[in-house]
């Protein structure tokens, strides 16, 4: 390996490489490349963790995995494959979630550096907080199509992953799309994939249903697939959805029953998926047809009124049947080998996606959307790009060299771009290292937020699930009411279940109350000031605000702080709130790299204030991060995308997801 050959690296770096201990979080598209680079470079003490198993669709770009590995642990197989490059390396694999209580601050303090190769914000935020507490340098990386990003997170020196807010997550793991959707957008992506499977340009990465020939279904069911010869790409051949649909002459009833009854029942047989989730409810064509007798009339003919209306389940099934027959007619008129192209302005194509998305949403108890809303959300979906993963992973390891040499000033954030910028660069570095946000709700000296909500309606369960866990990315929060020492939420199972259905007002949490929140697993404390508001019909259930000054009436205009220098052709760093702070659900599946990126127009994000760098690095210890004394000015964070400091909106903001 390179580090074992004298002269490849300078002596000091060579020793640091061989003596360092590295943690890689995630073994997907970027994780495989990072692990390979580490081993070939000469790192010999590596640990890798990933909860996911290998899917057939991984094989064409995650090169450490092969046909015989389908259904096995990604972390374990990645370890075995990497050892073939260097049998002398010491690699330990964990088939587990990084967010469990097995991996706390003491675990992270064992490492010289942590390399993140994750694909979702909940896990990223968790690792971010533990690395800050353990004072271990973290190198974040992510890709979205042809764009990539690598940055250093170091306590007291750089911004952390949650220093600034960002828009809702726009990439989702493939297994979430196929098996466990939890948001309307998941169903829309699935419906677009189904359109391509039936009528468009088929992509094996866009499978829409669990296949009985898929080895991950179980040892007995998958044996037939494993015994098949691999195709030219080395993947296991799957049953063609389009060929099956042609055989049944695109019969709406047969297609409906397969997708929404048979496949859903198959998912229900995978009992592990539903231990902590609400199981889906299969829908049968015949049952819904009986409902047509009770629901007279046809679908609204007025296209404007129809687009704005959320159709009933019976109306949606009618739309499904009509659109699938119309698309079949258009498809059969094409020359052999040609296909339809999905277009949001094509009536039949849009009707099909809207109907399928809403039927699936109904099955998984997800709010349905109007055709107009679905059309606006569909966007432009692109798959992960293997080349981007490889370039990004190479930059990750090069940055690791600088970190080991403690050359932090040379660890500026780097962006990988599809097109050259004004300086003729497609690998674009930041001009400066951006210091921490003094109002960050995670890395500030005294983390505080203000939450505006309806104390008369919001329940304790909603406070825990929607605000603390989904919006603020906590794992096991304990909540007490300041001044009364009453326990509102306990992380101990069953201790405060009696409070779940109570409103905040019933728990004496009213306007002006302060909640003290402590997540022992993340070694993280937060002070929440509750402000009561009566939300209107179109308003979000709650809003998280960091800066108290933004809540005060403005007597005179003040000049906002200057933003740090920004390259004219580089995306803004993707920091901030994991998921939505407006009460909407977010995807929480971890470590899946089969992400799809939905590109949409984005709102201006918060400005990054220019502050001085923190001085000496704090000492490593297990104790909690020290909070500021009471007389110091309190630190806050921006949470909901509600900011009073506008910033230039970069035209191609990068979402850091693999």
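Placement of Cβ uses the backbone N, Cα and C atoms for every residue, glycine included.
Remember, predicted model here, so these are calculated numbers, not experimental data.
Annotation comment: TrEMBL describes 5-440 as domain 'THIF-type NAD/FAD binding fold'.
Marked as ATP binding site by TrEMBL: 26-31, 50, 58-61, 74, 97-98, 119-124.
The Zn(2+) binding site annotation in TrEMBL covers 160, 163, 440, 443.
With a 10 A radius on its CB, residue 175 (active site, glycyl thioester intermediate) counts 18 other CB atoms from all the protein chains. TrEMBL lists 175 with the feature active site, glycyl thioester intermediate.
Annotated compositional bias 'Polar residues' per TrEMBL: 573-590, in sequence order.
Per TrEMBL, the feature compositional bias 'Acidic residues' maps to 591-605 (among others).
Residues annotated as compositional bias 'Low complexity' in TrEMBL: 608-620.
As annotated by TrEMBL, compositional bias 'Acidic residues' applies to 647-658 (among others).
Looking only at Cα atoms, residue 97 (ATP binding site) sits nearest to 175 among the recorded positions 160, 163, 175, 440.
Candidate recorded positions: 60, 120, 175. Nearest to residue 163 (Zn(2+) binding site) by Cα distance: 120. Between the binding-site residues 26, 29, the minimum number of other C-beta atoms within 10 Å of a residue's C-beta occurs at 29. Distances between the Cα of residue 60 (ATP binding site) and those of the recorded positions 160, 175, 440, 443 are shortest for 175. The two recorded residues, residue 443 (Zn(2+) binding site) and residue 50 (ATP binding site), have Cα atoms 26 Å apart. Nearest by CA distance to residue 120 (ATP binding site), out of the recorded positions 160, 175, 440, is 175. Checking each of the recorded positions 160, 175, 440 against residue 29 (ATP binding site) by C-alpha distance, the shortest gap belongs to 175. Cα distances from residue 440 (Zn(2+) binding site) to the recorded positions 26, 50, 123, 175 are smallest for 123.
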